[in-house]
């Protein structure tokens, strides 16, 4: 799953002190925008089906596998309803972003503006003098949130691969040809999960050294094939023999619901892709149909997997649904295939922040040191995501934290504010103003309280968490992820 860059071309009217940095950001944008689309497609434009496939690819990743636990954190009734509502709000905010970008491009006579540019131009044309003066920071804020989000995804990938690799290796002696429900055993893992993170570190460093977008697109294809096969097998398993869900709570506590919010927002991570995809279509006027049809499929997929997964595994639901799969060769292969897909997807997710940061660094060194600086920054960023995963080896909480901190801002907070800034001088209706304010406040509350709850859970000691858990599956999950 790949997010295209939200940055855009340099604005010639920006203050000169920021010109160089803006240019670097813009150049990185032009590179990353094309990474989803082969050159031949760019020449003729994307068809509706091609655009739909790209939209689906950009929205389906590791967050999907954490939705059963998210449902457990919200409740069997509240979870699906809330996930559906968040999905509808996210799609509405995508539509707002499209409308604002189209309006600003017409007002400024530009062929295309992306997310960062839309925020900058919206501030530049607003009535407040201070906001107009500092409008360039609108783009920088979006860029910063994008970097945090993408590196957060990469950190989650480290934990996801390590979690599944640990299960595959340490359960190898118990694997059989017959698939039976997993029996939860409270035992200490043989090797610390951090060992597996360090083991895959050099391979990921070598992977991100690949800068050829055509070669990266091959990895993207491999990731799509393995992900599709894994999802088919996961659905095939969870729909069989679902136990009576009457003993599952319809509503969970508000503390765990805050974790649900972060996870749900994390999964709807394609808000930054809608503008580049629309711009690359052969007939951009058809994008609204693609957006609503594609996101409808995604919402249905999310609600079904989250609900069925929670009903299937109940209180034993783990941070990733792959960790609940039976110990047999078929479903061990599912973990391996999905892990391989996520491994290759790491390079795609990493490409976005790398292409934002590296041009800025290279511009500060001589040409003879450019390659060394490039490789050094790539290595440092990969090590940063690895260190983050080592320091916080809790897959479920990191997903919730990343979703609450940055994804909520990009998906729910900024688009309504952008609509207010863009259209307020043109006599917006009171209903629209109230709607935008309510959505932004909802996103802000989710961001603040979701971040607080995720951080609170992260600082709890292991013995406190085990003492407050009566479920053996939860105890095993803690040992597995915090060994």
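The backbone N, Cα and C atoms fix where each Cβ goes, and this holds for glycine too.
When TrEMBL is compared with the stretches 41-62, 107-128, 217-238, the one noted as transmembrane segment is 217-238. TrEMBL lists transmembrane segment for one of the ranges 14-34, 140-160, namely 140-160.
Range 289-309 is the one annotated as transmembrane segment, of 289-309, 310-330 (source: TrEMBL). Here the transmembrane segment (289-309) has long-range neighbours at 48, 51-52, 55-56, 59-60, 64, 67-68, 70-71, 76, 79-80, 83-84, 87-88, 90-91, 94-95, 98, 234-235, 238-239, 242, 267-268, 274, 277, 281, 317, 321, 324, meaning same-chain residues at least 6 beyond its ends whose C-beta is under 8 angstroms from one of its own.
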